[in-house]
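Colleague: Right, I'll just put the structure down here and ask away after.
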Amino acid sequence: MMSSNILSRFLPPTGSPSVYETIRQHDAGSEYSDLEERAGLVIEDQQEQYSDRELEDALADAQDSEIVSPSTALLNQARSVKAPEERASPSGTRRRKSSRPRWMAQESPLGYELDDHDEDVPQSLLVEGHHEDLKPRLPPPPQSHNRSDRRRTPSPGPSSRPTEARWNERGVHQQPPPSESGHPIGRWFTGQHPGLANVDPKKKAMWRWANVEDLDNFLKDVYVYFLGNGIWSILLTRVLNLLTFAFVVGFSTFLTNCIDYPKVRRSKTLNDILVPQCTANMSGSSTFLLWLFSFFWIGKLFQYLLDIRRLKHLHDFYLYLLGVSDAEVQTISWQEVVSRLMALRDSNPSTAAAVSAKHRRFLGSQSKQRMDAHDIANRLMRKENYMIALVNKDILDLTLPIPFLKNRQLFSRTMEWNLNLCVMDYVFNEQGQLRTLFLKDTHRRALSDGLRRRFIFAGVMNIFVAPFIVVYFMMHYFFRYFNEFKKNPGQIGSRQYTPMAEWKFREFNELWHLFERRINMSYPFASRYIDQFPKDKTVQVARFVAFISGALASVLALASVIDPELFLGFEITHDRTVLFYLGIFGTVWAFARGLAPEETDVFDPEYALLELIDFTHYFPSGWKGRLHSDDVRKEFAILYQMKIVIFLEEILSMIFTPFVLWFSLPKCSDRLIDFFREFTVHVDGVGYLCSFAVFDFKKGTNVLSQAGPGRRDPGKQDLRTDYFSTKDGKMLASYYGFLDNYGTTHQATSRRPFHPPPTLPTLGSPTAGGFGALPDRPDHLQTRLGPTPGAPFGPQSMIGTSKPRQMGGFDHRSPAPSILLDPHHQPSTTGFRAAARIAPQQHQRSRLGRSHHPSTDPIDDEEEPLSQDGHDSTTRQSGARTGTSSAGAGTSDSNLGDSWRMNPLSNDEDEGDEGENIDAIAGGGGVLGLIQQFQKANTEGRRTNVGI
């Protein structure tokens, strides 16, 4: 009895359904459900701009006339799931999968056949359908949408002129390309219909764009195509990767099985040491590996060949719809691609003003309408944002379960791949959407147990896969870097950021190419910071070794120059000639010389680290006041290690990863499930996102959750607030970084911009960076113009200072509206004024430049009245007139209204929050306080702002 009780603690109860079966049933039940179940990705219906009653009438009229239209098929697809026997085809078999890209419909909407239940109205269209306020009705649809072509399947449409104009406008962009036959769209193939080859490729590209249903995967393909620099560069990269893989495997097989190494000493030619028919005499393990790699290579080849069609579609999309040729893809910026995507979205309207905002909140709108820079970044980084938050909040337990290495974390590329396989593939479905089952606490225990079993299973699989990966990567690394190290031995000590450092430095909604550019710019400053610290003993030994090895190498080199024929063959030791020792001494001299710093370097580690923080945006709270200490250097050195050490850790991680998956990660499975449930929000039209990645542009920095020592009294920390906040100012830095990358439209100003001469600081002298004007070097951090923990970085970090930035010629006291953001995403100046009042004395340095003379005021061509706190009074008054406009610039002109509210039923709550912001801005005095300040201002005769 006792043994059975013990086993029951580890084994699932008999008869209970598997968690994977529950997930599959839940996904199948929500496949055709409404907006909330499908995470905001509603079916793209051509007639979605009409009301419920209009859609019902149009559908009924279309069925009476036995017309099959795209809208009818799409509405039928939105029904609740039927029984398996009802969904099966007449032959009883499943429908054949289409070879279309993953962002296209698996089958054309017209491929479905009508049945007896087509008159049933979908549940998603019954929301408030019983109201009698929707009186307009549509007449029967015309018999033919295009009189010139009777064979084309017509679509139901209105006959009134206003609605007909909108109908035709919508139909122009989603009209399928013409063909010589009347077959449905989903059955058009160029092989069966040769006439399709003559169709305008722009129309075909427009038709594909209009029929994109999985916008996440489509935008991901668009971004990967952008990173790959076009179709030809992508194809060339894949061909070279296949050739590289074949060369590494083939050459490794040749070196290990086809050479008789004992004969090398007494042989003179290659034929003397070759093993005849070496492949036939290989061992069983070598033969198995060779066949395994061969099948993998053939599989990748077929995968690349089948993927050419998708690449061609992306090429047509860039060329014909975005106007970007294959050559321009290599030079165009991603911001320009985003602007053209938004222009393409605006040229294909899918939301009409006839539908009230109340109905749009419930029914949702076309997901393509949510496609500005913020929404695109959230779609592309839906999974990455969760990973950034997991690393930032230390949810993952990656400690090595080894007695002498328990304090060391293991995070390598192999571990990253396992986390994506175990966690992300478990939480997200094939469409990249978060499974709503994880948002229900009723399944917490089952989901946690399932995640724990996935970790254990992945650890077992790593044992079988690790030997093959270790052999391949060791050979690949040897072939790639050995020649480089031989030519430049100093590169052996070169450093790079670890995978853990990349996830710590990366910000929310920061795409990979933007993050890579920022990190690459930080490498010179990181190397200089590491070299700053005093290592006097190491430097003395290195200089001594460099002197001895250099002297020996110089004598041997001079002797070989005097008599090369005699001296190069001279053996200094047994079978070791002068040439051999020249290589040895030269390598030792180069390595020792690389350890010694330049004699002209200036020692200032604090300044070097501040320069580095401007790019990494990583400033833990524990570093405050200790930037000069060796402990901070050790913490940073863990994130910035030598390349050879990172490679060895990658190899060793393939051995230790199973132990982490077995013993460490299962301990945090409960926290992982809780994390996805508690830090997930729903955004209409986009889906479920990480709460930290959804920037509240309406209120600026007032509501950005931060956890830093400067935020409040450390003795009065609110544990709940800290739990739902990011660490080290991650979210605020991400907010400012996002505005730096996409806020390209600057505010108009009456002053003429002043462009100072370029700053050219040297890496060896901090005086060229702006501190030369200071008479004495202060020691405390605040007077060094350094960032504080949790504060923003970059150009936007000047918001809230008493002096505007000198560089760039524009004012950054409030963020400027951007053409890459929709009106509801425009940053609000209200939140930035309140944020400025919280910390008016924070002087942040910009990574784009630094003032040479901090004591001098910026040069302005025209004087403008300023308030006492140094801010432009006209800007403050204009912000006061706007009050608490939560949508920023241009909200009233938005045709979206409030249809994109994250919580459609929280109108009263938002109004209450905005009222609280008014009190905060006014200084907390309320209405009486405002009246008192206004009377005081009138008595003093001032015309400046009164604190509003």
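Glycine is no exception: its Cβ is also placed from the backbone N, Cα and C atoms.
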Colleague: What does Swiss-Prot say: are Arg265 and Thr573 on the same side of the membrane?
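Modeller: Yes, Swiss-Prot places Arg265 and Thr573 on the same side of the membrane.
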Colleague: Could you break down the residues of the topological domain 'Lumenal' (252-287) into DSSP helix, strand and coil, giving a count for each?
Modeller: 16 helix, 2 strand, 18 coil
Colleague: Can you tell me the mean pLDDT for the topological domain 'Lumenal' (252-287)?
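Modeller: It averages 84.
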Colleague: Give the nonlocal contacts of the topological domain 'Lumenal' (252-287) in its own chain as ranges (CB under 8 Å, at least six residues past its ends).
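Modeller: Sequence-remote neighbours of the topological domain 'Lumenal' (252-287) are 471, 475.
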